[in-house]
Amino acid sequence: MMKKDMLMMMLGMLILILGVLIGVAFLTLLERKVLGYIQIRKGPNKVGYMGILQPFSDAIKLFFKEQIFPIFSNYIFYFFFPVISFILSLMVWMLIPYYFNMISFNLGILFFLCCISTGGYTVMVAGWSSNSNYSLLGGLRAVAQTISYEVSLALIMLSSIILIMDFNMMKLFIYQDLIWFFFLMLPLSMCWISSLLAETNRTPFDFAEGESELVSGFNIEYSSGGFALIFLAEYSSILFMSMLFILMYMGGYNMSLFFYFKLVFISFLFIWVRGTLPRYRYDKLMYLSWKSYLPISLNYLLFFLGLKMFLI
């Protein structure tokens, strides 16, 4: 029986990983099409019907290209850290509350925080191991940004945790049966989505890959497979963060069509922001995190703490 359970869990994880990879492939296609129409041009439309096979063509091209590496790089770290980054971004997906062969994390939110904290190290080591000044600067900037926004991310999450008094993601669904937390804590949910943009290094916070000043940032020395893995990790985390926003603020997880509509909409929001907003000025980056989001999240934390004590 034990062997059968383990086999089912492995099978479930395999299906999940395949689903995430296919989702990421079509998210890149959606991004290129949407950005195309925002810039009044067509996106990819040659490979397959309306460009639908473009992501697979890109993947085949990237993974079959020659793997080159800088001669002065710290080769082991340089080679393995994109792989670790990708594995971490897939590990977070275990938090999805399955309906079959349930993997239920009682401390799911803590697991999520551990995974995204470790993600900062992968960026830093990937930048450092290339042994290039550009990539080192890009890595340092990305880590500084990730760490500072993780603080506000965790504090905003604490307000939701205080309301449900549990680290289990499934409880969020139960508590949002009558009203979404989105309406209950509107300014916080806006701060949260903005922090997610910073956490995933997306416009307007894409300083890790500032083209003009850093020539692509920490991944400048990566090509072919290494670049593809970093790219996959980034888009996988975008998809997961979109899902997490729905879990926390838009009614939790249920396997309805409406859930997937919400997921596509939040993912679309990431792309829409990229097509609309210019990059932030670098010296204004920490201003948002420490002077705006931190006081707001702390005040709301005290408010919900008081509310919880009052209701009990």
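In case you wondered, yes, glycine gets a Cβ from its N, Cα and C as well.
Feature transmembrane segment, per TrEMBL, maps to range 293-311 of the set 46-64, 293-311. Of the given residue ranges 7-26, 147-166, TrEMBL assigns the label transmembrane segment to 147-166. Long-range contacts of the transmembrane segment (147-166) within the same chain, counting only residues at least 6 positions beyond its ends with a Cβ under 8 Å from a Cβ of the stretch, are 106, 109, 113, 116-117, 120, 172, 175, 181, 184-185, 188, 191-192, 195-196, 198-199, 205, 248-249, 285-286, 289-290, 293-294, 297-298, 300-301, 304-305, 308. Residues 27, 30-31, 34-35, 38, 193, 197, 200, 202-204, 238-239, 242-243, 245-246, 250-251 of the same chain lie 6 or more positions beyond the ends of the transmembrane segment (257-273) yet place their CB under 8 Å from a CB of it. In this chain, the transmembrane segment (178-198) lies out of contact with the transmembrane segment (107-127); the count of Cβ pairs under 8 Å, excluding pairs fewer than 6 apart in sequence, is fewer than 3. By the Cβ criterion (under 8 Å, sequence separation of 6 or more), the transmembrane segment (75-100) is not in contact with the transmembrane segment (293-311), since fewer than 3 such pairs are found.
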